[in-house]
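Listed features, source TrEMBL:
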- 1-87: domain 'B12-binding N-terminal' (DOMAIN)
- 87-210: domain 'B12-binding' (DOMAIN)
Amino acid sequence: MNLLDQIKNAVYEGLEDETSAMVQAAVDKGTSPQAILDTMMEAMEMVGEEFKNEELYIPEVLCSCYAMQNGSEVLKPLLLENQQTATGTIVLGSVKGDMHDIGKNLVKMMFEGRGFKVVDIGIDVPEERFVEAAVQEKADIVACSALLTTTMPEIPKIVKAFEDAGVREQFKIMIGGAPITQDFCDKTGCDAFAKDAGSAAETAVQICRN
Ligand code: B1M
């Protein structure tokens, strides 16, 4: 089994320490950080399939999450090398009803690496909290993560909450998460969509440079 397959297996099995060690070994061998990240994402896809089929249960899924997070920490400095930076404040949260935060945390890491101040307002965030935090922090961007088809409808509610508060024009709203698409972004009146953490950071840099 090659090293990338071993990393995939370690994340799948939820082996936290082994994942960090193998990721470090792959980095030392010169494997691209993006390839390692993609491999860990593939493992999470496998976990997701088995979770759906009730072949894996929440504690096992959480072990895989922690392993992925450990591996991402090793990659952090490498993923952020030689990137354009910008200044600005981003309020970031997972929408109401959504407890998923691994993707959000990865997005946060990439934002911070590009020089942004990130105010992480956590998971299960109601729309009024996004507005309150954005106003309080004088944010440039409001970034919303949604991982469930059942929590996607929170996005237009967030847009409406900004409109109702009379502050919609003051903030750029960026959305992302597995079920989110550019089409959904356009239909819900958001300003930007990003499919992954790297492009979220790139998009934020472009927004704050314009
Ligand atoms: Co959940 N879950 N889960 N889960 N879970 C999914 C999302 C699912 C696809 C699994 C499946 O059925 N195959 C499915 C959703 C189906 C759907 O809606 N279509 C699902 C379900 C159904 C559920 C529950 C309802 C299960 C239940 O209880 N019956 C429940 C809901 C809880 C809730 O939120 N209310 C639930 C619970 C959980 C756990 C608690 C066990 C755990 C979350 C733990 C945690 O996050 N701390 C969990 C996990 C881990 C997953 C899977 C397996 C992995 C998600 C993950 O961390 N991926 C997931 C299956 C899968 O994704 N294939 C699944 C790795 C992460 C790095 O990727 O989050 O996609 P991701 O983030 C990416 C991009 O999406 C993007 O960038 C990231 C990386 O580049 N991105 C953004 C994310 N946010 C962004 C924001 C941006 C831009 C890009 O701009 C602002």
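Glycine residues also receive a Cβ, built from the backbone N, Cα and C atoms like all the rest.
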DSSP residue counts for the domain 'B12-binding' (87-210), split into helix, strand and coil: 55 helix, 28 strand, 41 coil
Averaged pLDDT score, the domain 'B12-binding N-terminal' (1-87): 93
